[in-house]
Structure formats: C-alpha cells, structure tokens
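Report on one structure; see the data block that follows.
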Amino acid sequence: MTRLVVATRNKGKLREIAAILDGLPFTLLSLEDFPDFPEVEEDGKTFEENALKKASVAANITGLPALADDSGLVVDALDGKPGVYSARYSGENASDEANNAKLLSELESVPYEERTAAFRCTIALCSPGGKRYTFSGELHGVILDSPRGTGGFGYDPLFFVSEKGATMAELPLEAKNAVSHRGRALALLKDHLGWQGIE
C-alpha cells in the first residue's frame, strides 16, 4: 500500500483527513511519524502558497508523496481577517480559546447580520518528483457571540452554519466532513487520487 504523508501535527485535522480519505489504498503518515521533521514557516500570503510550501517540503524531506492543507477563517466585517493568520491570530502558538476570544472581542460591536464569514481551505498534493496539485473548498456561515458545541477545533464553536442549524462544533464528524471547507477540498482530492493516483 502506498504511503502518503499528511504534513500536519494537528490531531483534529489528521482525524478529519483520514475519515474522508478512508477507502483509498493509502497508508497515511503524519509529521508525528517523522520526529526530526523541521517546522515549516507559513509565510505565504495565500492559503494556496502555504499549502504548496508545506506539501513540497514534506515530499522532498520524506521522499514520499505528501499533502498539506492551509485553511482559515475569513470574516467580512474584519476585511478578511484572520485569514492566513487564523491559527496564530492572538499570537504565535496561541490556543484555540485565545484565538476565539480575540475574534469575539473584535466583533463585539458588530451586529449578527454583519458577522458573515467563510472557512476556506486549500489542499496541496506534491510528489517527490515535483508534481503539484491543489484543491480548494469553502463554507459560508456566521460568527456567533459565544461558543457552542464541544466537537471540532479552532473556530468551530463560533462558526454557525445556517442550513445545518448548528455550529461546526455541534455537528458529528461525518456531518461536519460532508459540508466543511476541508471536506469539500478533500472530496476533490479523493476524486483525483481515485482516478489518477499520486503520480
């Protein structure tokens, strides 16, 4: 079975990716399987730039095909913030709770109808030989004024999906993966892998 490196140490993200790619003939490895793997600086200006950088570095270092995602929250009332800085919105190595608190603070005076936002995700697939592919997904919602739900990670407890009547953190994993930005991008990746494989 072909090994595929998922360039992340985020267990929540890895769990979502594994659930969606289930059934494909790949053994998934994470960066936890490569303890000496260096930290890759996410210095791109777009989700695509960051995803391609992480996947290509992982493919080159491990000698295996690799996929990486870069995703984040884009809030209309904040001119697209936190964007590519979503994971470190309140500072380097910030916790989900700290990032959520900063977001709520910045939206404190913004009325509900103006709290529109989107989760965006770009997945990059790179081979050690230099082939590169990208797949993108998006999900629209509204930022609530307090967290709801205990599932998921990141901004999930604040991101309300109207058609589901729930936050991302309130949805079971299977339901979340069916509608999420990452789920949509991974569905495109899965289709690609099913038809073309990694090369």
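Every residue, even glycine, has its Cβ placed from backbone N, Cα and C.
The substrate binding site annotation in Swiss-Prot covers THR8, ARG9, ASN10, LYS11, GLY12, LYS13, SER71, PHE153, GLY154, TYR155, ASP156, LYS176, HIS181, ARG182, and the record cites sequence analysis as its basis. Neighbour count (other Cβ atoms within 10 Å of the Cβ, all protein chains): 25 for HIS181 (substrate binding site). According to DSSP, HIS181 (substrate binding site) sits within a helical segment.
The C-beta environment of GLU41 (Mg(2+) binding site), restricted to residues of the same chain at least 6 apart in sequence and closer than 8 Å, is empty. Under DSSP, GLU41 (Mg(2+) binding site) is assigned to coil, being neither helix nor strand in the three-state scheme. For GLU41, ASP70, the entry in Swiss-Prot reads Mg(2+) binding site, with the evidence type sequence analysis.
Under 8 Å, Cβ to Cβ, and six or more positions away along its own chain, ASP70 (Mg(2+) binding site) finds GLU42, GLY44, PHE47, GLU48, GLU49, ASN50, ALA51, LYS54, VAL84, CYS121, THR122, ALA124. Residues or ranges marked as active site, proton acceptor by Swiss-Prot on the basis of sequence analysis: ASP70.
Counting every protein chain shown, the number of other Cβ atoms lying within 10 Å of the Cβ of SER71 (substrate binding site) is 24. For the binding-site residues GLY12, GLY154, counting C-beta atoms within 10 A of each C-beta gives the highest total at GLY154.
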